[in-house]
């Protein structure tokens, strides 16, 4: 006679082989089937869960989750209760010339419990993603209502709540040039810091990858993963910190049926370990629908149904809507939600609200009874038997947590370590994605060669001063445009990744921005030097090393200043506006540096002359070539008269005979610092705009 799982506990010693290491213990993984088990792995899924007993005998194949004994260290259960959640959006009506408010969510009530996998469903535009964003704290502006976490009120933008949760958005936004192991290692260092050893981190990474079916993909770049594998990697990256709450926005979007099953199976397994997992999902299959413990349906901003998935059809049946045989329950509910079968959506919404208040009133009665029992215990009016029963009940509802685990010893990396880790990650990705870097270097070398041969030898000749002037102006344009346009889309391209990692508390904005600058600035300096060295010598402008250094300094300073403008424009505007406004600003500032004397500028625009970094840089390189007490230029014997033989005459004509080099450098530096600070402020606003 077989013993009941509820009364018999068997401890099995298993051997877990993960990657290159083998760990033996009472808890672990088994890569190979045990004696008596079939060694074949097919694509079927065997569901052997006991809904009543809650025993964890589920076997998921497809190489994802088989019978496992490994669990993350327990975290305190977190229950979320929300009441009267409303969300208003304000939009400007051009025809009425005023702001108008539109309510998206209309007083939603409900709860998400620990140990349960909850699905938020609803038609497109019903507000399910909005509700998820509010619960995760991703949206707070325009939100009203109350959210309680374990009975305590939570603000809509609570920093402490974000420490307990993570939010995985619909688009995975992974770093494509990192391998799976590198991505996991970097995330582990950032999230857990360096209070724990490398060996413990390595074992944790191996266990997570093994549990998620990615142990064979450690050396695979993330761009080479399938859609389902990318989704599992996104979950793995957040599971490093072992959060008790997971929010996922449509995790099955774009996945085939097998990958969908793997993804939901994984979430089910994680929920069974005591986590609160909430995800939006559009139209799950019948098999996927059965995996969810709870269902919360949103229709037109109202609650359409909330409760166990098994009770959804009886709920609709009581209202007169019966699901046809062999019909997907999820599809049937969605059909009722859009008014098919002659359904009265308002009637269902009222019934759902009535059911919620009935359950809430029963909960209030239970709480009142519990408070009475507590008072009886305190006054001593309850007997010894009652005290024993209360103690047993308390012990039955208490979860024993592992006190000694790596998560209790960990804390996030310091700001300095965050910078070093992010810089190394950027360096690694740049080294692998070297095509853009090679194009930038090749472009500077090519243009320098072309300019050098177009204006070859014009530097020392007095009769070719204007030609040299055009070369110098073209060089400044080259520095400005290559510096600005190379980075104008930097933040736009990885904004999704930045928002995900920053929201989930991987790192602070300061170390991230500094890691970008420390990589981009040397690259731009190197490219600028390539252009300067080639073109400067071909045009014959080299007189001495001092002049060359001043020329290179102002070229680099102008290029870095343009780069800072590129960062600011790219972070502030959308992609289309950034690539349009960026060149326009460059042209606008360049007007005040080319053949435009200060005395000829309209008083209204004189302020732009003073703040033009292009003007300051251009005057600097002009002065390095024709100023600084340069001797007379060479006048060829074939020329009868060379007007600019004395360089001072040219400086007077251009109104640059009194150039303050130090003031120009200070101006350029101030603009660079101002643009960097402005960029950080814009990024901070976007990342914290809720």
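Using the three backbone atoms N, Cα and C, a Cβ is placed for every residue, glycine included.
Curation plays no part in TrEMBL annotations; they are all automatic predictions.
For the ranges 1-33, 34-66, the feature annotated in TrEMBL as region 'Disordered' maps to 1-33.
Which of 382-403, 404-425, 470-491 counts as transmembrane segment depends on TrEMBL, and there it is 470-491. For the transmembrane segment (434-458), same-chain residues at least 6 beyond its ends with a Cβ under 8 Å from one of its own Cβ atoms are 464, 467-468, 470-471, 474-475, 478, 482, 486, 523, 526-528, 530-535, 537-540.
With a threshold of 8 Å between CB atoms, the same-chain residues lying at least 6 positions outside the transmembrane segment (665-685) that come near it are 491, 498, 509-510, 513, 517, 553-554, 557-558, 560-561, 564-565, 567-568, 571-572, 611, 613, 616-617, 620. Here the transmembrane segment (577-599) has long-range neighbours at 473, 476-477, 480-481, 484-485, 488-489, 492, 562, 565-566, 569-570, 605-606, 608-609, 612-615, 617-619, 654-655, meaning same-chain residues at least 6 beyond its ends whose C-beta is under 8 angstroms from one of its own.
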